[in-house]
């Protein structure tokens with residue numbers, strides 16, 4: 001699991017189970033359930049690097065759509081509606097992607113930063 005050492009397997013499973021149905025993903029509830037909301041800034045940066053699959057320094061819409069699969073390969077893709085809602089919440093500078101700067105500027109995505 002990509003998040004070994006950062007999140008517990010049980011918390012990740014519970015978080016994924018809580019959003020297994022289409023259009024049921026709520027990023028705030030997910031971050032709280034998996035334990036990421038309570039992690040240190042360093043752990044959040046590690047998580048960001050895992051989710052940034054192409055190592056561009058940004059989480060683009062296509063990476064965000066597959067967000068749940070970073071936690072479990074068998075997890076579903078986010079719907080277009082969920083992806084756009086998630087992106088809008090995290091993209092604080094309006095460039096259409098989420099960067100570490102956006103996470104630092106926004107307390108709505110990950111309240112630990």
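Residue numbers in this text run from 1 along the chain shown.
Even glycines carry a Cβ here, placed using N, Cα and C.
According to TrEMBL:
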DOMAIN    39-74  domain 'EF-hand'
BINDING   52, 54, 56, 58, 63  Ca(2+) 1 binding site
BINDING   91, 93, 95, 97  Ca(2+) 2 binding site
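Structure with TrEMBL features highlighted.
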residue : record                : Cβ contacts under 8 Å, 6 or more apart
52      : Ca(2+) 1 binding site : 58, 59, 63
54      : Ca(2+) 1 binding site : 60, 63
56      : Ca(2+) 1 binding site : none
91      : Ca(2+) 2 binding site : 97, 98, 102
95      : Ca(2+) 2 binding site : none
- Using the recorded Ca(2+) 2 site (91, 93, 95, 97) as reference, state which further residues of the same chain have their Cβ within 8 Å of the centre of those residues' Cβ atoms, listed in sequence order. 58, 92, 94, 96, 98, 99, 102
- Query: If the Ca(2+) 1 site is taken as the center of the Cβ atoms of 52, 54, 56, 58, 63, which further residues of that chain fall within 8 Å of it by their Cβ?
  - Reply: 51, 53, 55, 57, 59, 60, 97
- Message: Between 63, 93, which of the binding-site residues has its C-beta surrounded by the fewest other C-beta atoms within 10 Å?
- Response: 93
- Mean pLDDT for the domain 'EF-hand' (39-74), as a whole number? 91
- Message: Counting by DSSP secondary structure, give me helix, strand and coil numbers for the domain 'EF-hand' (39-74).
- Response: 20 helix, 2 strand, 14 coil
